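TrEMBL has this to say about the protein:
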- 34: active site, proton acceptor (ACT_SITE)
- 174: active site, proton donor (ACT_SITE)
- 7, 65, 141, 142, 143, 144, 174, 175, 176, 196, 197: substrate binding site (BINDING)
- 32, 34, 65, 174: divalent metal cation binding site (BINDING)
Ligand SMILES: O=C(CO)[C@@H](O)[C@H](O)COP(=O)(O)O
Ligand SMILES: [Fe+2]
């Protein structure tokens, strides 16, 4: 069973409750929350207080993508805000092991995210300790960018490693995913698909239904 995790970066925050309800009613079970600090990435988005507000309007699983330096500093704040899973960037953690352990100790699931230019061989050391690996298919920082095909090779590599070391691993892909290229990422090994613009541009319900059809085929 594959999962759709719509990126709320593209949601209309003026009507967050109504929009969250549309997603819930369309059968969405995960919300992807992109946290950006203006340092690890150029953009600034939102942090724990906003996540806490969204938590009040939905029971969805909160898949929190932390594009921030040294996320270990904020783990308790995100736990308090209602995050279910924290995904930290390999490139943003001085001590990845310590960060993974701290997320688990705070009672959340944990993921590791990898930028497009970062190789994935080192994952061998962590793959059986985490719930999810997130392969970025754009350079992190902004929604609405074009999918980078390098992600397909990386997904295949992670999938092969997961089959050997952690068959339950969630493999998420994030950036530039549309109804037209989603089959390619599923075939390459992804089982969690993030989509921002392709969900929120135009008719949300119809977009979600089109994704669901491919994800559940
Ligand atoms: O993490 C990021 C961007 O850094 C993503 O989650 C995007 O926000 C997804 O948006 P689209 O590329 O689907 O528009
Ligand atoms: Fe993201």
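FYI, residue positions are counted from 1 along the chain as it appears here.
Placement of Cβ uses the backbone N, Cα and C atoms for every residue, glycine included.
Distribution of TrEMBL features across the structure.
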residue : record                             : DSSP class
7       : substrate binding site             : strand
32      : divalent metal cation binding site : strand
65      : divalent metal cation binding site : strand
141     : substrate binding site             : coil
174     : active site, proton donor          : strand
197     : substrate binding site             : helix
> Taking just the CA atoms, what is the gap between residue 141 (substrate binding site) and the residue listed as 'active site, proton acceptor' in Å?
Replying inline: 9
> Which recorded positions of 141, 143, 174, 176, 197 contact ligand 2 in the sense of C-beta under 6 Å?
Replying inline: 174
>> Could you check which of the recorded positions 7, 34, 174, 176, 197 is the closest Cα neighbour of residue 65 (divalent metal cation binding site)?
In response: 34
>> What does the structure give for the C-alpha distance between residue 32 (divalent metal cation binding site) and residue 143 (substrate binding site)? Integer Å is fine.
In response: 12
> To the nearest whole angstrom, what is the C-alpha distance linking residue 197 (substrate binding site) and the residue listed as 'active site, proton donor'?
Replying inline: 12
> Could you give the Cα-Cα distance between residue 176 (substrate binding site) and residue 34 (active site, proton acceptor), in whole Å?
Replying inline: 14
> CB neighbours of residue 143 (substrate binding site) within 10 A?
Replying inline: 21
> How many other Cβ atoms are found within 10 Å of the Cβ atom of residue 176 (substrate binding site), counting all protein chains shown?
Replying inline: 23
> Neighbourhood of the divalent metal cation site (32, 34, 65, 174): other residues with Cβ within 8 Å of the Cβ centroid, in order?
Replying inline: 5, 7, 9, 33, 63, 64, 87, 134, 194, 196
